[in-house]
Amino acid sequence: MERNDDVDNNNRINNSNNTDTNTDSIEKIFESKKVPPWQSQLTLRAFVVSFILGILFTFIVMKLNLTTGIIPSLNVSAGLLGFFFVKTWTKFLGKSGLLKQPFTRQENTVIQTCVVATSGIAFSGGFGSYLFGMSEVIAKQSHEANSEQNTKNPSLAWMIAFLFVVSFLGLFSVVPLRKIMIIDFKLIYPSGTATAHLINSFHTPQGAKLAKKQVRTLGKFFSMSFLWGFFQWFFTGGDDCGFISFPTLGLKAYENRFYFDFSATYVGVGMICPHLINVFIGIAMILGDGLYNFVKVLGYTFSGLYHQFREDRTKGDPVSGNSSADLPSLSYDDQKRARLFLKDQIPAWIAIVGYLTIAIVSVITLPHIFHQLKWYYIAAIYVFAPILAFCNAYGCGLTDWSLASTYGKLAIFVIGAWAGASNGGVLAGLAACGVMMNIVSTASDLTQDFKTGYMTLASPRSMFVSQVIGTAMGCIISPCVFWLFYNAFDNLGVPGSEYPAPYALIYRNMAILGVEGFATLPDKCLLLCYIFFGFAIFVNGIRDLVGKNGARFIPIPMAMAIPFYIGGYFAIDMCVGSLILFIWSKVNKAKAAAFGPAVASGLICGDGIWTLPSSILALAGVKPPICMKFLSRSTNVKVDAFL
């Protein structure tokens, strides 16, 4: 699964900026409200709501993982639903006189952080990419390196154990750098900033009124989407049956996977993602796109660091000193935020001891889960991981682009080649990808959360604890949800099925390529790979040269590569969503900006949560009563004659 962070993060800031208040000072609005201590920000109700929403969003992310791998930002939905659940609960308790603690924006931030951390494991856990790519189902499709030592079928026990061992390292790796990133370097972290604006706006009188309307709209489209999924289920009583197999553009187009499949999820995704979103050649394009952006973001990172340290030298190196001395030069908001941010420090020794302890446990444990992954491979990863985690977190602060999957692919090639084909290098490479992805992904997520907490006056300690608890929830919830899919749908991961998991095969083929080299590729395949690899770099270069106004008309190579594997049907759904939002914006721009994300989130959430009852029905052996199938006239004549 490939989360296109460039797409969903840029869109995230566009959506949530519209909810910001039009005042010069946010903190003056909240001046009369006391900031609760960090312990009081971590309430039981916050984690109960986070657990419920975490399950909901994990189902949504898992469904997207296993269909196309394109995952939009769910931060807006998490913040909005967190606000709605707790606000409703506190309103009820307030009327009954039992309310002990009011609902604050700090608690709202804790919920949003915890929910995103929980559902984020469904991405970094690799259930639609490297982890599922280890299975026999995917190995049979690649026809190379599918021996027993290069395959490992999913099991609930080892998946949970693996995630608990690797998912927390990234959190400890960036904790000592939070002050440098947020206050000294003043990194923007656009997604974290946008989420903070959203939460701040909810807790103003005007913003609370808008939030209620948005929640009502979300609930309406959630219900419609859920009921539409339920209705469709009745017509799927066989292979290629139902609305998802409706040949809307003709049978020939349907045979080539080009049709509208009535998916509320991808109509919603189309409303959230910009229109730009709307094999080995595919791998070449993905690698080309990834390499270009890896070099680009790394260039920004090193350039930013160089200029930062140059400025620090002329100013007397504030990075190593106490930034409180520079606070008078900041705005009122930043002064207040910086003081509170520096007040609740997380001791550096906790981060160091935590990292070393988990690293030692990982080095001992992981070779027992994957015997192909030797302890010294893991130790080598953990030596370089903090540097890469810092680079990813810093680059994310500048560009809002997380390169977690790119670092994971780097680990595939390095560790896979190191292990070698005869020693289970394919499985070792995929497992190493998981270790690396989890570290760098959680590192950038936590720094985004620190930025959100900084702007909502939530304590860094409460942010860290919330992220840890959310990650722990995700380490249990995500494998359980995947296990439900894995057992409920017999054709999971099969091309052309309802859940083809395209990135699982992509990641496995990358691992094979890293281990066995180019000699195993079919004739002319390498030439085509070079062409499309170059094409991806060329297109990205053009996008950067023409600037933002011109780039919006040029598609993203990463998204162009996906139809090489699964066809273009999902793009039609997303195009419909983009068209709805485009027309709505022309008719009423203000309403489209305010309620578009709520409508999209409702469509995605309703259809996504329907997968829970549909999975349970499948496990219980309950079959849909009707098969709605479409045949050509000539085939229909033959069927009638046979009957």
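Quick reminder: no glycine exception, Cβ is built from N, Cα and C everywhere.
What you see is a predicted model, and the numbers here were worked out from it, not measured in a lab.
Summarising the annotation, TrEMBL assigns compositional bias 'Low complexity' to 10-20.
The region 'Disordered' annotation in TrEMBL covers 1-20.
Sequence-remote contacts of a segment are chain residues at least 6 beyond its ends whose Cβ falls under 8 Å from one of its Cβ atoms, and for the transmembrane segment (42-64) they are 1, 70-71, 74, 77-78, 81-82, 85-86, 89, 101, 107, 110-111, 114-116, 118-119, 121-123, 127-128, 265, 269, 462, 465-466, 469-470, 473-474, 477-478, 481-482, 485, 499, 604-605, 607-609, 611-612. Annotated transmembrane segment per TrEMBL: 42-64 (among others), in sequence order.
Annotation comment: TrEMBL describes 70-89 (among others) as transmembrane segment.
According to TrEMBL, the feature transmembrane segment maps to 110-132 (among others).
According to TrEMBL, the transmembrane segment annotation covers 156-177 (among others).
Annotation source TrEMBL lists transmembrane segment at 218-235 (among others). Remote same-chain residues near the transmembrane segment (218-235) are listed as 77, 80-81, 241-244, 262, 264-265, 268, 598-599, 601-607, 609-610, 613-614, 617, 624-628 (criterion: CB distance under 8 Å, separation of at least six residues from the stretch ends).
Annotation source TrEMBL lists transmembrane segment at 264-287 (among others).
Same-chain residues lying 6+ beyond the ends of the transmembrane segment (346-369) with a Cβ under 8 Å from its Cβ atoms: 158, 161-162, 165-166, 168-169, 171-173, 175-176, 178, 375, 378-379, 382, 386, 431, 435, 460-461, 464. What TrEMBL lists as transmembrane segment is 346-369 (among others).
Taken from TrEMBL, the feature transmembrane segment applies to 375-394 (among others).
The feature transmembrane segment is assigned by TrEMBL to 464-489 (among others). Long-range Cβ contacts of the transmembrane segment (464-489) within its own chain (Cβ-Cβ under 8 Å, at least 6 residues beyond either end) map to 42, 46-47, 50-51, 54-55, 58-59, 62, 66, 110, 113-122, 125, 127, 132, 154, 156, 159-160, 163-164, 167-168, 171, 175, 346, 442, 445-446, 449, 497-499, 611-612, 614-616, 618-619.
What TrEMBL lists as transmembrane segment is 525-542 (among others).
Summarising the annotation, TrEMBL assigns transmembrane segment to 562-584 (among others).
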